[in-house]
């Protein structure tokens, strides 16, 4: 393995565009967006292999039942038995947790099935299914889900009061109250300064979709600032080698070192 100090030096050289031996928020933002794009390209290649695995007859389409069989086989179920039961419309004895995962996957399968819907996914639709962050259609679906959960008057838009109405937790003491107050304060700022692009006090589905786009530059900048803040002991809003070394375990488990896994888990 590469020594910790060497890997940190290599990271700084890659990210430090102006060669001042420290990393600022804009430099980190650029790096995060590059890694996001890199993940997208890797996902396309990965999708080709996954699609071939679930489309053994090579007809270019995969049914939900074909995928379901492969999925359950990956979870330890006997593939031949599962396939036979599905073919004969027999009941599958599946534990509750696996069934819940299957139900969520089936919802996503339907959303990835572009018009006209045929319940068969081609390679492009399968990419949207495995990696919803690639698909504008899936992004719209997630936006609709959020609007549905928060929109109290049914106008398919969000006011500030609707946006900050997410349950924050049970307030049992002053510390919990302070946490709730900070959460509301952060959400208010996010709503007013970032999501509500035209500052009319209303967030539309289009504005929310733009905000949730993985390639949204503000999100990358905000994340860059948060990551810097974790290790910025001298409070100069930059990361030096000593700080990166000291907090290397945090960065090793972060998007710095494993961006593909982290981006995918968010969806």
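For all residues, glycine too, the Cβ spot is worked out from N, Cα and C.
Unlike curated records, TrEMBL annotations are generated automatically.
Listed in TrEMBL for this protein:
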DOMAIN    42-77  domain 'EF-hand'
DOMAIN    138-173  domain 'EF-hand'
DOMAIN    183-218  domain 'EF-hand'
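When pLDDT is averaged over the domain 'EF-hand' (42-77), the result is 90. Taking H, G and I as helix, E and B as strand and the rest as coil, DSSP gives the domain 'EF-hand' (183-218) the counts 23 helix, 2 strand, 11 coil.
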